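A.B. asks: I have a structure I would like to understand better, so I am pasting it below and will then ask my questions one at a time.
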Amino acid sequence: MSVDAYCERLGPGIWAEPLNALTNLAFLIAALLLLRKQAPPSLRALPVLLALVGLASLGFHTLATRLTGALDSAFIAVFVLYHVVVFAHHYRQIRWSRAWLAAPVFIASAVVIGLLVRVGPGIYLPALLALLVLAPLSGRDWKWFGGAAAVFAVSLTLRTLDEPLCGSVPSGTHFLWHVLNAVTLWLVSEAVIRRARTASRS
């Protein structure tokens, strides 16, 4: 069964959401930029996960099935959980044996926030709040995470406006969510890679 969840989709065809599909290239470009950074072993999964986020989203916006929708959400979740763990290790100097606990802490927080905020962009609000928390915890890199939070806030707003503005903006605004999300994920990934490389040289 085809999932019709976005303004741009007017039919069941694979290319019924051309902008929503093609803008996933932004994630692949961001992944390629990260690959050039020669990240340390603990962070080499970041560009891979970023590319998978883009490919899963491409699958959802072309095939538009419940399965591709689930994969789309799953890879975003995996990226976020992986990042909070590597943040705990590289920014807060928490051993890997304990850093992984950042993942269930985030999940628990997301569940609570989801129960409190059941409308609009509630499902993505935990990620925005996490960026706002990580910014002051990142020390001199706060601008990277603060910038990511600002970009993601705009991105989340555009995602929320996709349906309300559908009558006046036939293409919808969801495609801009893809572009800005790619920027957001690149910013937080670039920051932690730079941090790890600096630490390894000191």
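Cβ atoms are placed via backbone N, Cα and C, with glycine included.
Straight from TrEMBL, here's the annotation block:
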- 18-35: transmembrane segment (TRANSMEM)
- 47-64: transmembrane segment (TRANSMEM)
- 70-88: transmembrane segment (TRANSMEM)
- 100-117: transmembrane segment (TRANSMEM)
- 123-139: transmembrane segment (TRANSMEM)
- 144-161: transmembrane segment (TRANSMEM)
- 173-193: transmembrane segment (TRANSMEM)
A.B. asks: Do any residues of this chain, six or more beyond the ends of the transmembrane segment (123-139), have a C-beta under 8 angstroms from a C-beta of it, and if so which?
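C.D. replies: Apart from its flanks, the transmembrane segment (123-139) reaches 80, 84, 87, 91-92, 106, 109-110, 113-114, 117, 145-146, 148-149, 152-153, 156, 159, 184, 188, 191, 195.
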A.B. asks: Who are the chain neighbours of the transmembrane segment (144-161) in space, where the CB to CB distance is under 8 Å and they lie at least 6 residues beyond its ends?
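C.D. replies: Apart from its flanks, the transmembrane segment (144-161) reaches 120-121, 124-125, 127-128, 131-132, 134-135, 138, 173-174, 176-177, 180-181, 183-184, 187-188, 190-191.
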A.B. asks: Residues sitting near the transmembrane segment (70-88): Cβ under 8 Å, six or more positions beyond its termini, same chain?
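C.D. replies: For the transmembrane segment (70-88), the sequence-distant neighbours (Cβ-Cβ under 8 Å, at least 6 residues beyond its ends) are 42-43, 45-46, 49-50, 52-53, 56-57, 59-60, 94, 98-103, 105-107, 127, 130, 134, 137-138, 185, 188-189, 192.
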A.B. asks: Under an 8 Å Cβ to Cβ limit, what residues of the same chain, 6 or more beyond the ends of the transmembrane segment (47-64), are close to it?
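C.D. replies: Apart from its flanks, the transmembrane segment (47-64) reaches 2-6, 9, 12, 14-17, 20-21, 24-28, 30-32, 34-35, 39, 71-72, 74-76, 78-79, 82, 178, 182, 185-186, 189.
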